[in-house]
Amino acid sequence: MMPPEQETTIAPISTRPENGSEPDGSTTNKIKPSNLDDNGIPSHHHPQPTPPPPPPFTILHQSLRPVTLKFEDVSYSITFESQKKGCVLRKESKLTRKVLSGVTGIAKPGELTAMLGPSGSGKTTLLTALAGRLTGKVSGTITYNGQSNTSLMKRRIGFVSQDDVLYPHLTVVETLTYTALLRLPKSLSKEEKIEHAENVIMELGLTRCRNSPVGGCMALFRGISGGERKRVSIGQEMLVNPSLLFLDEPTSGLDSTTAQLIVSALRGLARAGRTVLTTIHQPSSRLYRMFDKVIVLSDGYPIYSGHADRVMDYLGSVGYVPAFNFVNPADFLLDLANGIVADVKHDDQIDHHEDQASVKQSLISSFKKNLYPSLKEEIQQINNDQVIFASGTPRRSDNQWTTSWWEQFKVLLKRGLQERRHESFSGLRIFQVLSVSILSGLLWWHSDHSHVQDQVGLLFFFSIFWGFFPLFNAIFAFPLERPMLIKERSSGMYHLSSYYVARMVGDLPMELVLPTIFVTITYWMGGLKPSLVTFVLTLLIMLFNVLVSQGIGLALGAILMDVKQATTLASVTMLVFLLAGGYYIQEMPSFIGWLKYISFSHYCYKLLVGVQYEGNEVYECGPGLHCRIRDFPAIKCLGLDNNMWLDVAALTIMFIGYRVVAYLALRMGQPR
Ligand SMILES: Nc1ncnc2c1ncn2[C@@H]1O[C@H](COP(=O)(O)OP(=O)(O)OP(=O)(O)O)[C@@H](O)[C@H]1O
């Protein structure tokens, strides 16, 4: 057995709030040495080699509010549908599975807690529940300084998920700088925020890759390595100076040196007054020694919750003594959590022929009998202390956003432009638009009034091409950014409205420049009316059409949040709008004729034709015969003599309406 070293030193970073008081009513902000026994388990220490000291964290010394996390009898079940094959039909029945059962524990400021357990034992679920991010009903009590999760608390919690949720096209320095600008308080200047980001880069050893794009599997290109990406995710959370930091398997897939670097960084963060909890897979004994507390789960049940250095003594006290002198406590624990007793010393108490289920059951019962009562007692004791220290209502400034709406908008706009710079004016997109515009210009080369049908066809093509193109681009916007949006909104980083408006505005240059190029080329090559006023009006109508179509795409993407479903629905919708646009069918049956009124392509096409042909313009409808263009069958049925401002009004309503729908759909699918 190799117990952890005795930890009695405290990193030189102040853990007290600036004013020295404890506004949250936390019971303590002193770091308790981990050799004190709260569980009543005997402890025997042996001299051990000391692991490297945690790196000196220089950032964010100010206003740390220590948080004590207590959780009591936390249970969680999932319900899922199972399909059973009946004689004729597949029957669907709802099944419920308990993922967590009666997990209890305490994590205090200054402590680094590890959650251990076999794969599928519920570590991630517990971590997510403790961070207040689990959707669904969690039973039991989870409190932070004696209070339940509030929006104020949300901003004090940092959460690093197992999958790194990062913008792939931003570089390391950009990622951390934007996070600093969005998450650090108003009281710091921009330069100070940037300096904090630089410090994090240095302290997490990311200097070498600071200008490399983050990359990732979603981006289909490789950026920095997995370990570096993980460190960027941790750095993002470090920047917010969280009181409570949760990490889901921060070391998985990393070499032992990098894993050591990360855990030692976490320990440094804990020692500066934070409460840090992390799930971990199979830590080496070197890593294990760096944790203050461990919570061990077996099939969702706790089998140990307490000080890491006392686990072997505890297991020994309930009859599970390792057969060898030098055993990694984590390996021994994981074996037991799996119900395997191969490395357990032969003892009268233990039947080595017991099946795995009985071993697990015995450990679960031992926990309930030996550890649970003392944990409950400790929780009760802290509750009593917190009543004494509780500090009424939070300070006003606590409830405010860290940055103003306008500041958030500016940073998000800049970040969005940088993240999408590769796609905005990508060579491929420019080629696509240029080639289609030149090809259509050649196909309609210098068409004139003697070919009214062709010209009308070109105008309809304008409205349809620039209906499809922006719509399908916009569909991807929200579903692809959803993980980032959820992550950032969960930590109260910005208003949804500032994100939304920044996204809309950020997309404008690309959305407007490409159709402008297209219309300019095709209009003049295609021989449409050689009048500057008509050209400008045509261009304005097209740009308006693009914005409306983009709105539909955004709304579909935000409602369905699934690219496949949204593109399928969009293709059906656009097909309906195309057919009902008024070009292909001039006389629609009245019971379905209303369709054209919901088709933005119809209004756009009508406006394009309206500005192209004035009231009394004529064309040669036969040898020596001149007819009014507006009487041409394909044009007459559009009803151009009606007030065209009604068409503009219809497009305006759609422009605003689809955007409002997109915003509301996003709001409903978002935390807060
Ligand atoms: N939404 C869900 N739908 C179906 N099963 C779920 C869901 N959430 C959790 N589970 C199940 O609950 C159990 C615990 O999952 P969890 O991810 O918490 O385990 P874990 O200990 O973190 O595993 P690992 O170490 O492999 O990541 C697993 O069996 C998992 O399949």
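Backbone N, Cα and C atoms are what each Cβ position is placed from, and that goes for glycine too.
On a predicted model such as this, the values are computed, not experimentally measured, just so you know.
Straight from TrEMBL, the features:
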- 1-59: region 'Disordered' (REGION)
- 1-32: compositional bias 'Polar residues' (COMPBIAS)
- 48-57: compositional bias 'Pro residues' (COMPBIAS)
- 69-324: domain 'ABC transporter' (DOMAIN)
- 428-446: transmembrane segment (TRANSMEM)
- 458-480: transmembrane segment (TRANSMEM)
- 500-526: transmembrane segment (TRANSMEM)
- 532-559: transmembrane segment (TRANSMEM)
- 566-585: transmembrane segment (TRANSMEM)
- 648-666: transmembrane segment (TRANSMEM)
Quiz prompt | Cβ pairs under 8 Å between the transmembrane segment (428-446) and the transmembrane segment (500-526), at least three | solution = yes
Quiz item: When each of 458-480, 500-526, 532-559, 566-585 is checked against the transmembrane segment (648-666) for Cβ pairs under 8 Å, which one has the most?
Solution: 532-559
Quiz item: Which range out of 458-480, 500-526, 532-559 gives the transmembrane segment (566-585) the most CB pairs under 8 Å?
Solution: 458-480
Practice problem: Take every residue in the domain 'ABC transporter' (69-324), average their pLDDT values, and give the whole-number result. | Solution: 86
Quiz prompt | Chain residues in Cβ proximity to the transmembrane segment (532-559) (below 8 Å; excluding those fewer than six residues from its ends, i.e. six or more beyond) | solution = 462-463, 466-479, 507, 511-512, 515-516, 519-520, 523-524, 566, 569-570, 573, 600-601, 604, 607-608, 611-612, 648, 651, 654-655, 657-659, 661-663, 665-666, 669
